[in-house]
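Asker: Feature list, courtesy of TrEMBL:
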COMPBIAS  224-234  compositional bias 'Gly residues'
DOMAIN    20-173  domain 'MARVEL'
REGION    206-234  region 'Disordered'
TRANSMEM  26-44  transmembrane segment
TRANSMEM  70-92  transmembrane segment
TRANSMEM  104-130  transmembrane segment
TRANSMEM  150-169  transmembrane segment
Amino acid sequence: MEGMAYGAGKAGGAFNPITFFQQPHTILRILSWFFSIVIFGSIANEGYVNRPDEAQEFCIFNRNQNACNYGLFMGILAFLCCLAFLALDVYFPQISSVKDRKKAVLADVGVSVFWSFMWFVGFCFLANQWQVAKQEDNPLREGGDAARAAITFAFFSIFTWAAQSFFGYQRYKLGADSALFSQDYIDPSLDAGAAGDPYTSFTAGGDDLEDGDPVGGSSYQGINGKGGGGYQEY
């Protein structure tokens, strides 16, 4: 795409919020942000239950504290990560260095792949622990909707983060294939040998050759010493 470097134009352009929020990459980040809120919110609010004869609460996922801790920690961390990359997306068009843009895009791809994998692990972990949970540990089936919501949105998060990594890779390819913003690009206005420079005739001794004066400003002298502007006939 002409005039673009890693998915954004030249630095210094005005920020357009409407265009920004219509981008697929931005929509996916907002969805991932929302899903992370649902995951850690569901576990924090209704993810701990107890039997009627117990005072202490346990994790709703088979009383496995690691399952709840995983969902809480990863949900909060994903929430913060989404906010950080949304802020980076807003600032990205202002980055003038192509190398810095490349680093930002590669970080986006790497982090998105990481989160897609982590939510895949989280989905499998939470779904397994919910499946093997004993009914006597939660006879009233309290928090069942919250547990299923955490599992469902962990599953959705796999695809939203994977899609982000795909769009990030597309931005990387766009920047890598861009001739205008390649690292070896030389501004024609700075190229000493650029075509289109006006022709300047060679001068010597301050006189222009086009005026008929020879190099050095001297003229050919004939035998009789009268050089004039031409040869003297014998």
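One is the number of the first residue shown, and numbering goes on along the chain from there.
Each Cβ is built from the backbone N, Cα and C atoms, and glycine gets one as well.
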Asker: Which residues of the chain, 6 or more past the ends of the transmembrane segment (70-92), have a CB below 8 A from one of its CBs?
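Answerer: Residues 6-8, 15, 20, 25-26, 29-30, 32-33, 35-37, 39-41, 43-44, 47, 101, 104, 108, 111, 115, 118-119, 122, 125-126, 150, 154, 157 contact the transmembrane segment (70-92) from elsewhere in the chain.
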Asker: Taking only the residues in the domain 'MARVEL' (20-173), give me the average pLDDT of this model.
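Answerer: Looking only at the domain 'MARVEL' (20-173), pLDDT averages out to 92.
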